[in-house]
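A.B. asks: The following block contains the structure, expressed as structure tokens.
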Amino acid sequence: MKDVCADQITWELPASPCGRAKAVRRRVPGAMCRCGARSRPHSPDLHFTSPAGCHQGQQNVGYREQVAFVQSFSDVCNDDQIFEEFNGQLDSLFFNDGQRRIDFVLVYEDESRKENNKKGSNEKQRRKRRAYESNLICDGLHLEATRSILDDKLVFVKVHAPWEVLCTYAEIMHIKLPLKPNDLKTRSSAFDNFSWFTKVLQVDESIIKPEQEFFTAPFEKNRMNDFYIQDRDTFFNPATRSRIVYFILSRIMYQVRDNVKKFGINKLVSSGIYKAAFPLHDCNFSHKSEDLSCPSERYLLYREWAHPRSIYKKQPLDLIRKYYGEKIGIYFAWLGYYTQMLLLAAVVGVACFLYGYFNQDNCTWSKEVCHPDIGGKIIMCPQCDQHCSFWNLNITCESSKKLCIFDSFGTLVFAVFMGIWVTLFLEFWKRRQAELEYEWDTVELQQEEQPRPEYEAQCTHVVINEITQEQERVPFTTWGKCVRITLCASAVLFWILLIIASVIGIIVYRLSVFIVFSTKLPETLNGTDSIQKYLTPQTATSITASLISFVIIMILNIIYEKVAIMITNFELPRTQTDYENSLTMKMFLFQFVNYYSSCFYIAFFKGKFVGYPGDPVYWLGKYRNEECDPGGCLLELTTQLTIIMGGKAIWNNIQEVLLPWVKNLIGRCRTASRAEKITPRWEQDYHLQLMGKLGLFYEYLEMIIQFGFVTLFVASFPLAPLLALVNNILEIRVDAWKMTTQYRRMVPEKAQDIGAWQPIMQGIAILAVVTNAMIIAFTSDMIPRLVYYWSFSVPPYGNHTHYTMEGYINSTLSIFKVSDFKNQSKGNPDPKVVIPTTCRYRDFRNPPGHEQQYKHNIYYWHVIAAKLAFIIVMEHLIYSVKFFVSYAIPDVSKRTKSKIRREKYLTQKLLRENHLKDMTKNMGVKVERMVEVVDNNLRPKSE
């Protein structure tokens, strides 16, 4: 900018990726220059020369028309910028001329009107923004600036991509576009006869019309006549237009410093130069657009998808995909399919729960615990040192009754069923996913993905490509890549160890607080038998530890989310898919340890290595290991799962519903005094909440963690699928509601599948078989009961004449002589109670006086052998069924394969025929010209 006082002022546009821009000369009417003079107020003399070297199409894409927009973005002598006035059309999606569609909106705060105007920093921001917008114009985009109606400090820059730019970048991005309508006939389904039954669940086709199907091919400008172009304004739908413009915005440079290029709208937004960048919703969610030509898809989605009255209807997946893109569409398709499959698991789970509930009165071992002459006379050894006293077995009566509900034969049946169910779900989802790939035209999507702008910006090293033998740029050398991977792996390992440390802290809390509850709880609840029989020291310890564990899990989640993003950014993946897959593996590995570690401890470690009263095992040489209830740790595992699953669902719904609603409510209250003004569509969308690029990632993560709870520990809690089903039915509508009403429209993205979440679910499915088999074998008491029933209730080991469960409790409780207590492990006897000579403890050991006293007896070895045999048989049985099911169900159905091959054949045939027609036409023209030349040459001779 030249500091002159003249009618004509020259502005040098900054260098751009397509070449060096030439000067723009203009008169600024009434502009106040630094010298204080004012130019004469007359019409501006304008001209704009397009930069040399710009891409094809810029010379003829409205460059002289862009001068008016350049005026809006240049601050000449601190003069006020020139802005277009809002034309008063509330739902308009076009520039003020009513012709050019708004494909994207950029928002910034005018530095000259800021309250805290820091001249130096504001000038830098203004310069970067001016360079960026100049380069957008150079790249062929049209811009129009409008001041905010509610806040005159805000400026909205509307971006339009003309036809030539759309065609150029559609070819660069390999976007598939229609060739001709799809004339393949759809086969009738076997379920068509039941259409009367499913019609009530379907979306009304008179409201949301089915999308017309087309044969498609990657767009090429030189074969434009081959494509199905009936109207240039609708050939690229709004989602595709926004995706193309975002691709451009992410790659336009705004500064070069020390040979480092800085570019992309994301960096400009994160640095505060722009406050927001987003595509527009097409209308208000509560009513249709005033523009009759607008399809009002947002309104239709809210009415037929997000509204609570549509909770029983199927999702309009095609419209979701059309409006939000394939990436969001595939998420809701997966979530809907998962919820449908949960219905079967929930029915079987409820049936197993009811089986246990109605048969709890027939639970012989629970009756023995509650019987005053059996459980009431069995005196148990103290479970902690110094502060615990002897106690009667029948105080665990209520917990033993509850345990009968979950630790029954139905639990075994349900665990086997869930091992098969998860395989069916994954295999049928692959088939459904293949159908969506065909229907949504993402079968060969991998060729479309481009490198991330952040990756391209760091490409400073030149290497030779092994395949093409040509030079290419990469961000780091092989050694640098190894260093980055090592540092990232070390950071992830450190945080996993931190979680394990928190789990150890919870275990220490359990060991410490159990002593307190054993001492204080009987005194506090003295005389309140109705409470005391439910709130035992074991129950109080379990509930409080679960609650504290849940709080720690939530806190660590918040911290690690930021750390995982920082690690992945440092790792610098090449494409967005690589970035999300890398972040997915880090986050899931952390969440797996964070959420499931306490459950694994209760299921497989608690009460397993406790020794016996005379020689207990100590943690860290100080804390005595926890023991399970006489009925085992299964009920405690159920309590832990219920608290974490229920608490997580409640917490997530609060975050997903209340937070964006409250933020939007606060925003509306701030502008309430100016609410009577008519605000345009772009300003209404700006005041909505931003759903970041990782917003969908967190939705997947939430569901996959739930999937782990439903499958990994389902043997201890058969109602888990029911809770997940109820949660997911609400989750679908909550996610739909917040996307259509509370959030700005996301940039549409392509996606072929659910990405790295698919192999994660397959890994969980394989692990689930092992965990459920081990829960039944080692956590529940099913195997010891079966061993007693078939071997130790009758001779030679038992005294009964027939197979029975009578006497089971007595056989599972070993005898300890009180005089054999060590001083350290001796309990604190109640002075009011006579000290017994012996007490009982939960283990299979020889009694005192035996030649191998306190050593494991034969019952123990029978039980261990039975447990190992059960695990091997159950695992092999379920894995065999899983592999058979996986083999029998192909990933892609025969019908879908035929469709894909047929479409590929017809597409190639169509392109070949069109190419032959063009060649024939060209050859005909050439022949005619040759004939004409020959005739012209021969005509004088004949004359």
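Just so you know, glycine gets a Cβ as well, placed from its N, Cα and C.
Feature table excerpt (TrEMBL):
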DOMAIN    94-317  domain 'Anoctamin dimerisation'
DOMAIN    320-903  domain 'Anoctamin transmembrane'
TRANSMEM  331-358  transmembrane segment
TRANSMEM  409-429  transmembrane segment
TRANSMEM  492-519  transmembrane segment
TRANSMEM  539-560  transmembrane segment
TRANSMEM  587-605  transmembrane segment
TRANSMEM  704-730  transmembrane segment
TRANSMEM  754-778  transmembrane segment
TRANSMEM  858-879  transmembrane segment
A.B. asks: Give, as a single whole number between 0 and 100, the mean pLDDT over the domain 'Anoctamin dimerisation' (94-317).
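C.D. replies: Computed over the domain 'Anoctamin dimerisation' (94-317), the mean pLDDT is 85 on the 0 to 100 scale.
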A.B. asks: Does the structure show the transmembrane segment (858-879) and the transmembrane segment (539-560) touching, where I'm treating 3 or more Cβ pairs under 8 angstroms (sequence separation 6 or more) as a contact?
C.D. replies: no
A.B. asks: Below 8 angstroms Cβ to Cβ, which residues of this chain, lying six or more residues outside the transmembrane segment (492-519), approach it?
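C.D. replies: For the transmembrane segment (492-519), the nonlocal Cβ contacts are 383-389, 537-538, 540-541, 544-545, 548-549, 552, 556, 560, 563, 567, 586, 589-590, 593-594, 597-598, 601, 619-620, 623-626, 828.
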A.B. asks: How about the transmembrane segment (331-358) and the transmembrane segment (704-730): at least 3 CB pairs under 8 Å, pairs 6 or more apart in sequence, or not?
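C.D. replies: The answer is yes, given that the two segments have at least 3 Cβ pairs within the 8 Å cut-off.
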A.B. asks: For the transmembrane segment (704-730), which recorded stretch in the set 409-429, 587-605, 754-778 gives the largest number of Cβ pairs separated by under 8 Å?
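C.D. replies: Going through each listed stretch, the top one turns out to be 754-778.
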A.B. asks: Report, as numbers and ranges, every residue of the chain located at least six residues beyond the transmembrane segment (587-605) whose Cβ falls under 8 Å of a Cβ in that stretch; write 'none' if there are none.
C.D. replies: 492, 495-496, 499-500, 503, 506-507, 546, 549, 553, 556-557, 560-561, 564, 633, 636-637, 640-641, 644, 648, 697, 701, 704-705, 708-709, 712-713, 716, 760, 771, 774-775, 778-779
A.B. asks: Given a Cβ distance threshold of under 8 angstroms, which distant residues of the chain, six or more beyond its ends, lie next to the transmembrane segment (754-778)?
C.D. replies: 330-331, 334, 411-412, 415, 418-419, 422-423, 426, 433, 577, 580-581, 584-585, 588, 603-604, 608, 634, 637, 700, 704, 707-708, 711-716, 867-868, 870-871, 874-875, 878-879, 882
A.B. asks: For the transmembrane segment (409-429), find every same-chain residue at least 6 residues outside the stretch whose CB is under 8 Å from a CB in it, and list them.
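C.D. replies: 334, 337-338, 341, 344-345, 348-349, 351-353, 355-356, 710-711, 714-716, 718, 721, 758, 761-762, 764-765, 768-769, 772-773, 775-776, 780, 782, 874, 877-878, 881-882, 885-886, 889, 891.
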A.B. asks: For the transmembrane segment (539-560), give me same-chain residues lying six or more residues beyond its boundaries with a C-beta closer than 8 angstroms to one of its C-beta atoms, as numbers and ranges.
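C.D. replies: Sequence-distant neighbours of the transmembrane segment (539-560): 399, 495, 498-499, 502-503, 506, 509-510, 513-514, 517, 521, 587, 590-591, 594-595, 598, 636, 639-640, 643-644, 647-648, 651.
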